[in-house]
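Peer 1: Sharing a structure, written as structure tokens. Questions coming.
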Amino acid sequence: MNVTSLFSFTSPAVKRLLGWKQGDEEEKWAEKAVDALVKKLKKKKGAMEELEKALSCPGQPSNCVTIPRSLDGRLQVSHRKGLPHVIYCRVWRWPDLQSHHELKPLECCEFPFGSKQKEVCINPYHYKRVESPVLPPVLVPRHSEYNPQHSLLAQFRNLGQNEPHMPHNATFPDSFQQPNSHPFPHSPNSSYPNSPGSSSSTYPHSPASSDPGSPFQMPADTPPPAYLPPEDQMTHDTSQPMDTNMMAPGIHPDIHRGDVQAVAYEEPKHWCSIVYYELNNRVGEAFHASSTSILVDGFTDPSNNKNRFCLGLLSNVNRNSTIENTRRHIGKGVHLYYVGGEVYAECLSDSSIFVQSRNCNYHHGFHPTTVCKIPSGCSLKIFNNQEFAQLLAQSVNHGFETVYELTKMCTLRMSFVKGWGAEYHRQDVTSTPCWIEIHLHGPLQWLDKVLTQMGSPHNPISSVS
């Protein structure tokens, strides 16, 4: 018997509860997590029995099992801090759980974590895992009734001319608190609210994670309702804030099935690829994300961890002192995670990150090119597959060019430490010292298949279009 085992003792209650532990969750850490919980529950009459009942009879109704909420909402176990409901769901149900965004409370739960009550329920059977929504296929007309006289190319040119020389800026959470009047027309029968910006946005104070696999973030908004295609109304394109009076006549959705080709969404092997730039120079190879939880940081990791894109490893002979200084401040960088058809960005760096996402801007009613500042410790949803699916379904009725325009929505740009836009002396992202471009493979491949079915544009795309 070694010295460690002489001084270690696991109580019978902890041993019993560990009997229901799932998968390969780190043994010692799980034991400490359960031990910490037992100490809290022993102070409450019947709490231990209720937890054991829930774990032993998962199909049966059970009551809330609560512990006091800490000041920051997190629970420290050994050297790691995490959200309590996520920790115990990870121990007893889903060892591969990545973040709180993957959990939703059941209706029977009286003390869900998101309710911010003095007590928080840690009963793992009072939470369910968020599943990726099934996106409806896009119905592409076989015979387009789109009138080439109503070319949208001129409107695209006008839109580009009317856009500000520099993007607008917004700071999270300040610019996100008040509902924004939505500049994009919505389908009359859309299941989305009239003002997406009025929904509760992500909580502003999300503590930084220790690693991409740790469940240590504060909650964000829940996924929006599934898109219900309109049955008898004309849909309007919402991909850009164009003059709807000039829109080409759409194709009525209520058309014969034989006249359309259904194009379904397919989840790709790599949900995104990330390319790193310094000023206008691409540096290194693209990083292909197979894990749904990715860290992009300024450190070096020679182990080639598939969950980390370490910018500290990349060299550039043209690097100047400004770039060198900026790279030193990237630090823990950004945590990107893809869950339930949504992409979130959490700033782990001590310095802010700056994101340009047309999908996020659409949701909040901002100008398409707005750059959003995400301060340290904050988390923001930067892409929503369901909203993209709605826009794509509407856009096919307005022709090839409108659908093609959505490719801009599938590329996200993000700079570290230094921002750009109207409030900064850097006008363009290529003027920032360190930035990344994120290509979302699923939406891009879906667009590609839809465009293939639509054939060629009425006006050939050229260098001036």
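Count begins at 1; order follows the chain as displayed.
Glycine residues also receive a Cβ, built from the backbone N, Cα and C atoms like all the rest.
According to Swiss-Prot, the domain 'MH1' annotation covers 12-136. The Zn(2+) binding site annotation in Swiss-Prot covers C64, C109, C121, H126 and is backed by similarity to another entry. Per Swiss-Prot, region 'Disordered' is recorded for 161-240. Taken from Swiss-Prot, the feature compositional bias 'Low complexity' applies to 179-210. The domain 'MH2' annotation in Swiss-Prot covers 271-465. Annotated phosphoserine per Swiss-Prot: S463, S465, in sequence order, evidence recorded as sequence analysis.
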Peer 1: Report the member of C64, C109, C121 (the binding-site residues) whose C-beta atom has the most other C-beta atoms within 10 angstroms.
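Peer 2: The residue with the most neighbouring Cβ atoms within 10 Å is C121.
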Peer 1: Restricting to the same chain and to sequence separations of six or more, state which residues have a Cβ under 8 Å from that of H126 (Zn(2+) binding site).
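Peer 2: Counting only residues 6 or more apart in sequence, the Cβ neighbours of H126 (Zn(2+) binding site) under 8 Å are S62, C64, P105, L106, C108, C109, P112.
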Peer 1: Could you tell me the mean pLDDT the prediction assigns to the domain 'MH1' (12-136)?
Peer 2: 84
Peer 1: List the helix, strand and coil residue totals of the domain 'MH1' (12-136) as derived from DSSP.
Peer 2: 50 helix, 18 strand, 57 coil
Peer 1: Compute the centroid of the Cβ atoms of C64, C109, C121, H126, then list the same-chain residues not in that set whose Cβ lies within 8 Å of it, in sequence order, for the Zn(2+) site.
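Peer 2: Surrounding the site, in chain order, are N63, V65, T66, P105, L106, C108, E110, F111, P112, I122, N123, Y127.
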